[in-house]
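Take a look at the structure below.
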Amino acid sequence: MTAQHTGSTRLLIVGPQGSGKGTQGVRVAEAFGIPVVSTGDIFRANIKEGTELGQQVKEITDAGDLVPDELTSAIVRDRLAQPDAAHGFLLDGYPRNVAQVSHLDDFLIGREESLDAVIELSVPREESLQRLALRAKDQGRTDDTEAAIAHRLDIYERETAPILAVYRTRGIVDTIDGVGDLDEITERIFAALGARGLQRAA
Ligand code: ADP
């Protein structure tokens, strides 16, 4: 049901915190030869470098709250306008609520583009919580405190999960079981995308 495929691949990966979407997103993007556009990574890099944006969003991200939609959408638009995203991209962490979906729609419609597929990585809340507790130990992310994690999962269920309903009406959602071996999960994603006629770069 996708529009005619032109060789560019525009993907979105969605899943709760701890679903492994960051890891899988990088693998899929690499296979398709497209850049990952991760809002979480963009914010973390800016915080690390102490930029004005970083200073603006540090407290918000540490609390596990969402950065204001207008600001986030402006940053994503800038990023998607860069030459390396002209032939496709994989979005990770954006859009995260229905307001951001409409911002992204406006931007893509202006470029006569659309998303080819939305990969939903499905993982039970208990499993997510366990994985995040491990990550908190390994990576020491300042937003991986117990309170911030629980808050982010709540926001996911309340604000992010509903975006899937929007994309489902467009027939572009592939729900992938995110529990199991990492390579196996990657293969599940490739199979689903392949079934849509989305082929990896040679
Ligand atoms: P996680 O998926 O573990 O919550 P991310 O790396 O995706 O981590 O995001 C980290 C933080 O960055 C979020 O908790 C939020 O504060 C901010 N953020 C990321 N993406 C968005 C977005 N699309 N809209 C608003 N805030 C965002």
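Every residue, even glycine, has its Cβ placed from backbone N, Cα and C.
Caution: TrEMBL annotation is automatic and unverified by curators.
In the three-state DSSP classification, Ser19 (ATP binding site) falls within coil. Taking the Cβ of Ser19 (ATP binding site) as reference, residues of its chain lying under 8 Å away and at least six apart in sequence are, in sequence order, Leu121, Ser122, Val123, Ser128, Gly178. Look at TrEMBL and you will find Gly18, Ser19, Gly20, Lys21, Gly22, Thr23, Arg135, Gly180 tagged as ATP binding site.
DSSP labels the residues of the region 'NMP' (38-67) in these numbers: 23 helix, 1 strand, 6 coil. What TrEMBL records for 38-67 is region 'NMP'.
Neighbour list (Asp65 (AMP binding site), Cβ cut-off 8 Å, at least 6 residues apart, same chain): His151, Ile155. Among the features that TrEMBL reports, AMP binding site is placed at Thr39, Arg44, Asp65, Leu66, Val67, Gly93, Tyr94, Pro95, Arg96, Gln100, Arg141, Arg152.
Take the Cα of Lys21 (ATP binding site) and measure to each of the binding-site residues Val67, Tyr94, Arg141: the nearest one is Tyr94. Of all Cα pairs drawn from Thr39, Arg44, Asp65, Leu66, Val67, Gly93, Tyr94, Pro95, Arg96, Gln100, Arg141, Arg152, which the record names as binding AMP, the longest spans 25 Å. The DSSP secondary structure for Arg135 (ATP binding site) is helix.
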